[in-house]
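Below is one structure, written out as structure tokens; comments come after it.
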Amino acid sequence: MGVRNCLYGNNMSGQRDIPPEIGEQPEQPPLEAPGAAAPGAGPSPAEEMETEPPHNEPIPVENDGEACGPPEVSRPNFQVLNPAFREAGAHGSYSPPPEEAMPFEAEQPSLGGFWPTLEQPGFPSGVHAGLEAFGPALMEPGAFSGARPGLGGYSPPPEEAMPFEFDQPAQRGCSQLLLQVPDLAPGGPGAAGVPGAPPEEPQALRPAKAGSRGGYSPPPEETMPFELDGEGFGDDSPPPGLSRVIAQVDGSSQFAAVAASSAVRLTPAANAPPLWVPGAIGSPSQEAVRPPSNFTGSSPWMEISGPPFEIGSAPAGVDDTPVNMDSPPIALDGPPIKVSGAPDKRERAERPPVEEEAAEMEGAADAAEGGKVPSPGYGSPAAGAASADTAARAAPAAPADPDSGATPEDPDSGTAPADPDSGAFAADPDSGAAPAAPADPDSGAAPDAPADPDSGAAPDAPADPDAGAAPEAPAAPAAAETRAAHVAPAAPDAGAPTAPAASATRAAQVRRAASAAPASGARRKIHLRPPSPEIQAADPPTPRPTRASAWRGKSESSRGRRVYYDEGVASSDDDSSGDESDDGTSGCLRWFQHRRNRRRRKPQRNLLRNFLVQAFGGCFGRSESPQPKASRSLKVKKVPLAEKRRQMRKEALEKRAQKRAEKKRSKLIDKQLQDEKMGYMCTHRLLLLGAGESGKSTIVKQMRILHVNGFNGEGGEEDPQAARSNSDGEKATKVQDIKNNLKEAIETIVAAMSNLVPPVELANPENQFRVDYILSVMNVPDFDFPPEFYEHAKALWEDEGVRACYERSNEYQLIDCAQYFLDKIDVIKQADYVPSDQDLLRCRVLTSGIFETKFQVDKVNFHMFDVGGQRDERRKWIQCFNDVTAIIFVVASSSYNMVIREDNQTNRLQEALNLFKSIWNNRWLRTISVILFLNKQDLLAEKVLAGKSKIEDYFPEFARYTTPEDATPEPGEDPRVTRAKYFIRDEFLRISTASGDGRHYCYPHFTCAVDTENIRRVFNDCRDIIQRMHLRQYELL
């Protein structure tokens, strides 16, 4: 398992005494410790990770002379040899290239141990040199330059960053914990352990070590790969079959190797050299040696017993001559280190070959390359006999290969299946060289398992992530030429894989490119790839960006690469640097690769052929088109295009017709609106306002009688039969209203006889039972008017006491038509009673709401609105105030001695004066003239001539009023009546002239609403006034 090479030096062929080439890194002075020390193996990265720290004594850490800890503690210096330092370039600044970076990092359980260097002259010695021999492994990358992930944890550069990480507490500055150094004297507490081991990280989870402190594990290039799920045993265990070597220090500062059997773990490092970490103690380039980050295994303890090894003597077949580490070692064409979900115990590490074996394998590789026989890769059919973890070996084991130059009986040839030191057990079913495990899902390509989803030889599936080189993996021809790696499988009869002719780096890149496209349904796995010193010398380290951005970029680029492979147009060069290298690196190599890939993809587009096909496609035929489907689609699209054009033309025609129809309809609507506007402008709208029971409704009736064919129809009916039908219906309704007026008149007079002061007595007391009958039916609803009602009403109306009470009607509310209907009882009681127009004019119906009447006079349209005159109805007038031509204000002139129904206290004439004033001064009506109808002139003459109710008793101003000179009395009119009616007129004119602004005028008229001729004459006079108002309204006058 590579223990000998780890203990006695790495004497791989082609690495000894090779002079440095031009451009290579110069040889740096190594670290040294004074004193003689037998050549022996230093601790491996596993020891550095797993060795428990002694907690007795702190170790100072210094940076450019600045101490970051307690003073130094003198201790014995050790002179140790390890070729890993020379391989890494001594003290040169080193950061693994993207192709060699690990795709992930893990939380380090501990960083114990140290990584010694070769002794070279010229390097400072002394106590500092002693610390420098142990200290570089103790340093963190960000110990002095920035934040570090955790105590003793290692933060890889972006090339090594993985898409996930384990939580580590951030520590900043120079706050590194004090490292305890045990007493190195013989018998001291740290005699059995490795001095200078740093303490474990607090988050490291591992079981307690069995045995004493210290231990040994081979260096990275000799360790074997591991699985995440418990394959790696970690700690300081040697490979299976070897006992653990405990380095003891005696008084002479010499190592004494003592073999002990104890519970061990397999080393968690695979073919990774120690890393130079910036900020090292005493390093000229501010770098320190750091083992690569690995996971800590969680497998159960395994007892391995074996003979003790003595450090200082090389076993048979191993040459411990110092070699020149500046020349790049020969890397293997092994498979990438994989990390799967389940442990794979078949994998074992094999020791590196000795010089003779390396030479023989190089010769076999040259022969294979000259004969065009490709080297069997990890995914070849012959690779089923090889282990999946051959990345850590110099050459895989070949149990039965006669051409390899090694016999199975030779214990040093690496092919003896029974050699406990070789680590290659041919008979072991778990061994990678066992040919009896062809169906393993992680094997390269077993001939007996062609349907294996992870098999790299699946004919139609892309290469498995674990398969080293699948024959069907999509790769550009230039990729194979650039990488110079043979990825085709070997012949089936090849019993053992041979060493590849190309470098391990190029082969690993090809395998990683093929592994970027997982098989359908296969679970994608994460690989650990071995480093390549060739590229590490060519590609300098790049500054490390923020970790989060690097991971974010990696995940996105990985998804992008999967898309390319799913489409089947990807090249192996796109992923040759690995899953994380595309995002982690930003140097010239990545730029050059991307530039080369772009140049390579351009010739894929044959512009000339595309042009010719598009221009002369009909001549050459569609079969010659590079895109036959697209051409057929164009052909197919021609038919829908013509259909679409016809459909569009049809839709355009329909839309044009629709627009034409809409335009015509719009014109008709506009014409109708214009006509209505003209008719509205030519219509005179008249608003009837006034106090209650002033005669407004009677004026409307008169307009119907005069201009709407009376009550023979509703007006506007062209059919005479319809007019007669409406007339009969309306007259029938008015009969009931007339009977109700008769009943209300007799009831009001009889009830007022006892309420008046002084009360009025009946002239004939025998009519008392008649009074009682009338009072009993006063509040009966839906009275049917029997004949006895008419008899009692007629008898009471002939009584002198009832007549006397009627004369005092001004003291109570009595309808004006009471006397008219009481005088016609004999006519009304008849069953075939048909009211006359005068009866309809006299009928009193309470108006509630707004009633409108349309009529035409001499081809002039009038629209008259009747609004209730009661106080609770006046709030509805506002609806008719907008844009009226004139207001006809109606006043009951005979009501000077009457009170309103609302409170029985306010004089009706005074109420009319107040209402007129409010309308005249209304801000909405200041431009509208008022036609004043002083109505009920017949009743006013009767009261004035009767002399029972004097006007001066209610209006004292009448006593001083004199008839004006411009007064025009009616023919045969009494002067007292003339004086009274002009007094009432002047009362309203006084209001209009007092607040007149010249914008509206008041036109008074004396009217009698029940006199049709009077209303006709008055309305004819008002027509001229209304016409002038109308012209002034539209600014035409």
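In case you wondered, yes, glycine gets a Cβ from its N, Cα and C as well.
The feature region 'Disordered' is assigned by Swiss-Prot to 1-105 (among others).
Summarising the annotation, Swiss-Prot assigns compositional bias 'Low complexity' to 33-46 (among others).
The feature region 'Disordered' is assigned by Swiss-Prot to 185-224 (among others).
Look at Swiss-Prot and you will find 283-588 (among others) tagged as region 'Disordered'.
What Swiss-Prot lists as compositional bias 'Basic and acidic residues' is 343-354 (among others).
What Swiss-Prot lists as compositional bias 'Low complexity' is 361-408 (among others).
Summarising the annotation, Swiss-Prot assigns compositional bias 'Low complexity' to 416-521 (among others).
Sequence annotations record features per position, and here Swiss-Prot assigns compositional bias 'Basic and acidic residues' to 553-565 (among others).
For 572-583, the entry in Swiss-Prot reads compositional bias 'Acidic residues'.
Under the heading region 'Disordered', Swiss-Prot lists 640-666 (among others).
The annotation compositional bias 'Basic and acidic residues' is assigned in Swiss-Prot to 640-660 (among others). Note on the compositional bias 'Basic and acidic residues' (640-660): DSSP counts are 21 helix, 0 strand, 0 coil.
Beyond the coiled coil (641-667), no same-chain residue lying 6 or more positions past its ends has a Cβ under 8 Å from any Cβ of the stretch. The coiled coil feature in Swiss-Prot is assigned to 641-667 (among others); the stated evidence is sequence analysis.
According to Swiss-Prot, the feature domain 'G-alpha' maps to 682-1037, an assignment based on sequence analysis.
If you look up Swiss-Prot, you'll see 685-698 marked as region 'G1 motif', on the strength of sequence analysis. Model confidence over the region 'G1 motif' (685-698) is summarised by a mean pLDDT of 88.
Look at Swiss-Prot and you will find Ser697, Thr847 tagged as Mg(2+) binding site. The C-beta environment of Ser697 (Mg(2+) binding site), restricted to residues of the same chain at least 6 apart in sequence and closer than 8 Å, consists of Val845, Thr847, Phe851, Asp866.
Residues or ranges marked as region 'Disordered' in Swiss-Prot: 711-734 (among others).
Taking the Cβ of Ser995 (phosphoserine) as reference, residues of its chain lying under 8 Å away and at least six apart in sequence are, in sequence order, Trp920, Asn921. Across the region 'G2 motif' (839-847), DSSP helix (H, G, I), strand (E, B) and coil residues number 4 helix, 0 strand, 5 coil.
When Cβ atoms from all protein chains are considered, those within 10 Å of Thr847 (Mg(2+) binding site) total 19, not counting its own.
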